[in-house]
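J.: If you scroll down you'll find the structure; I have some questions about it.
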Amino acid sequence: MERVIVHSDINHCYAQIEEMLHPELRQVPMAVGGHEEMRHGIILAKNDLAKAFGVKTASTLREAKKACPQLVIIHPHYDDYLYYTSEVKNIYREYTDRVESFGLDEAWIDLTHSSQVFGDGISVARKIQKRVREELGLEVSMGVSYNKIFAKMGSDLKKKMGFSIITQDNYQDVLWPLPIEDLFYVGYRTAPKLKARGMSTIGDLAKKEPAYLRSFLGKMGEVLWYFANGYDASEVLTVSHEQQPKSVGNGITAIMDMKNREDMKMVFTVLVESVATRLKQQGLKGDVISIAIRNTDLKYYTRQKKIEKATNIASEIMKVVMELVDEHVDFHYAYRSIDVHVSHLSIDNGVEQLSFLIDEKQREKEKKLDIVMDAIREKYGFDKIKRMSLMANQELTSFDPLRDNIIHPVGYFK
């Protein structure tokens, strides 16, 4: 049986939810962003009228106002966004338990076996799209295909209730003529390398030998070849109380030895931010934080600490990580590889037990900062926005742990 995989995208998610709650905003150029009094606030989402004026996501408020002086800036209401995106996914789950979130506003839906109850997968997908608009007032674009990669690319083809079907018979006609930048995980750094070697479309890359792509892009070159040719058997995952992972973590063997506390702190910062992002994407939090360290003599050890309140906030995880570093790491040695994990996981349902030992206002501020950074990175790449402290050694911190943790096609591992 050929799989029926759907990728759904709530287009301009934050702006669309604001328009749904406040219909008068549909009549004016509007964007969701930071406080106007903050000169360096960021645009998180914009409506179509703002887009027509040249307002761009991830631009500063100053740049947006210059492009559109009459732009209405709405401060983000994250509780609303979490609630309505959860409601959208609850509709998806009425048809299958295989619903995998990809950020707040996107999800893969496996309808392969739903046809036995609800009818053919394509009809079910159209029904879901219609229900989301009628019941929640939100529009989603959908891509339907036999694998996750093509489904994702299909949902990007047409916005505003778009519906694209990518099959084994038509993918070369539909996807291969597209610009190379449209291939999943081709970012602003990779695209110039491909174009310099004569690959300006997805089809150009698809026709190359995987070994050639690997020669200048590393393992990601081979992954991109699989993506372009539709070789992806990865499953749509579910996260539930019974199936949730035991821990979420990331690690790296650094490009150079970490010889002091600042080197290690910079690398841990990148890893911790990626772990916090992955926890939030999966709706999880944890209260045990562990680090693993290997020095240049290849001696390996781990340390962990249990915290009072489960978290998925980068700054809170980082604080504990550096406490462990300060307590246990001897910088008479140089270090080659490090890992960070968050475990003892629970579902993050938004309900928090108050603590007199924790500044809840500061905690909320840090969580909102995480969400803003996640939104920018999801759209433009992990290294589009960085903390200033990481600029001291960009060679050491110029890696993308989120990309390295994507679900690769099965063929990649053969």
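Each residue, glycine too, has its Cβ placed from N, Cα and C.
Those TrEMBL annotations? Automatic predictions, nothing curated.
Quantities reported herein were computed from a predicted structural model and do not represent experimental measurements.
Pasting the relevant annotations from TrEMBL:
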DOMAIN    5-187  domain 'UmuC'
BINDING   Asp9, Asp105  Mg(2+) binding site
SITE      Tyr14  site 'Substrate discrimination'
ACT_SITE  Glu106  active site
J.: From the Cα of Asp9 (Mg(2+) binding site) across to the Cα of Glu106 (active site), what is the distance in angstrom?
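T.: Cα of Glu106 (active site) to Cα of Asp9 (Mg(2+) binding site) measures 5 Å after rounding.
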J.: Counting every protein chain present, what is the number of Cβ atoms, excluding its own, within 10 Å of the Cβ of Asp105 (Mg(2+) binding site)?
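T.: The answer is 24 other Cβ atoms.
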J.: Does DSSP put Asp105 (Mg(2+) binding site) in a helix, in a strand, or in coil?
T.: coil
J.: Averaged over the whole of the domain 'UmuC' (5-187), what is the pLDDT?
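T.: The average pLDDT of the model in the domain 'UmuC' (5-187) works out to 91.
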J.: Glu106 (active site) has how many other Cβ neighbours within 10 Å of its own Cβ?
T.: 21
